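Beneath this line is the structure, given in structure tokens, with notes to follow.
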Amino acid sequence: MKLDRVIIIVLDSVGVGALPDAAQYGDEGSNTLAHIAATVDLRLPNLTRLGVGNITPLRGIPPVGTPAAAWGKMASQTAGKDTTSGHWELAGLILERPFPLYPHGFPPEIIEPFEKAIGRRVLGNKPASGTVIIEELGAEHMRTGNPIVYTSADSVFQIAAHEEVIPVEELYRYCKIARRLLTGEHAVGRVIARPFVGEPGHFIRTDRRQDFSLEPPRPTLLDAVIAAGLEVMAVGKIKDIFAGRGISRWIHTHDNMDGVDQTRNFMREGERGLIFTNLVDFDMRYGHRNDVAGYAAALEAFDRRLPELLDALETSDALILTADHGCDPTTPSTDHSREYVPLLIYGKRIRPLNIGVRPTFADLGATVADLLGVPYDLPGKSFASMLLE
């Protein structure tokens, strides 16, 4: 007998140790969760009970003799360490080539057609921290009306604009234009709208960010679940990451706690299928800013909410906690890190056992399909037979 429902929660960037090829990405020695625990007095009693301390050594978070969940970790086989490819691999789509990166900004063959299409010049066109570049160029943007374009170590084309200078809907239109232009060798993973408000010296990015992702080039777990007549409910930026494909219902969120609330709301409805949630604050607000204390506080805040999710599980449910990459806030880099991701699987019918090290995130997609009884022929090897009582 299979399960009725699986809830996947991606703790965005909560990596658990450098992958063997991490040095190729400049990430040798990274371990997001362990280094946070080594730096601050991290207390995660509920995750500890599930077995997070059994996955990787954590100061102050010991392994437990009998974890409440199945535990393990997964390696990535995708080329890259970004949000989109990480989530796609979780859903059974492994990319052989990484998305293009622009460490020196975007070339004229990208910028010139974009400027012509929107009827404005762009400011910036370089890699930058989003909060830094709006402080640097925000006043000029307000004076000229020209949007700020920037990138990062991720495959992203980001457009920042003050909401009173370029209305948000117009900013979204610019992003759709960029998305249409960024194809072929320049097919970046995401075009991102980054609206902000305020005055020079006091700019604040708003929660009206929107991602315009590439559509997955091949089917994913989400398509398989929909094809089987089940629901796929997306919380947070999941809908954007998959460009809306394979999703029956979705809701954006303001922050991690809203993400937990919206996940609970979908759970209350009792629909059969998949709830797929991304909690982005760990990465966006703390990892990229090297804010160790903030990252730790966000982990503890999620840990306090975890019992609500566990208590809401029905007999034929499973809750899966994992991540998409690392973003070690204790290293000089402010970029993602190439890491293993944790795997905790809890449910009334789930055996609490050591899953070990899975060779690809795609094993999770195959396992979820198996747990739901969904026909599936994508990459990855199911370990569902280990899990079910």
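Easy rule for this one: first residue shown is 1, then count along the chain.
Just so you know, glycine gets a Cβ as well, placed from its N, Cα and C.
According to Swiss-Prot, the features are:
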type    : residues               : note
BINDING : ASP12, ASP324, HIS325  : Mn(2+) 1 binding site
BINDING : ASP283, HIS288, HIS336 : Mn(2+) 2 binding site
Rounded Cα distance, in Å, between ASP12 (Mn(2+) 1 binding site) and HIS288 (Mn(2+) 2 binding site) is 11
By the 10 Å Cβ-neighbour count, the most surrounded of the binding-site residues HIS288, HIS336 is HIS336
Quick tally, other C-beta within 10 angstroms, ASP12, ASP283, ASP324, HIS325; top of the binding-site residues is HIS325
Taking only the CA atoms, the spacing between HIS336 (Mn(2+) 2 binding site) and HIS325 (Mn(2+) 1 binding site), expressed in whole angstrom, is 7
Same-chain neighbours of the Mn(2+) 2 site, Cβ within 8 Å of the mean position of the Cβ atoms of ASP283, HIS288, HIS336 and not counting those residues, run in sequence order as ASP12, SER13, THR83, ASP154, MET284, GLY287, HIS325, CYS327, THR334, ASP335
Rounded to a whole number of Å, the separation of the Cα atoms of HIS325 (Mn(2+) 1 binding site) and ASP283 (Mn(2+) 2 binding site) comes to 10
Surrounding the recorded Mn(2+) 1 site, with Cβ no more than 8 Å from the Cβ centroid of ASP12, ASP324, HIS325 and those residues left out, we find VAL10, LEU11, SER13, VAL14, GLY15, THR83, GLY86, HIS87, ASP283, ALA323, GLY326, CYS327, HIS336, VAL341
Expressed in Å to no decimal places, the gap between the Cα atoms of ASP324 (Mn(2+) 1 binding site) and ASP283 (Mn(2+) 2 binding site) is 10
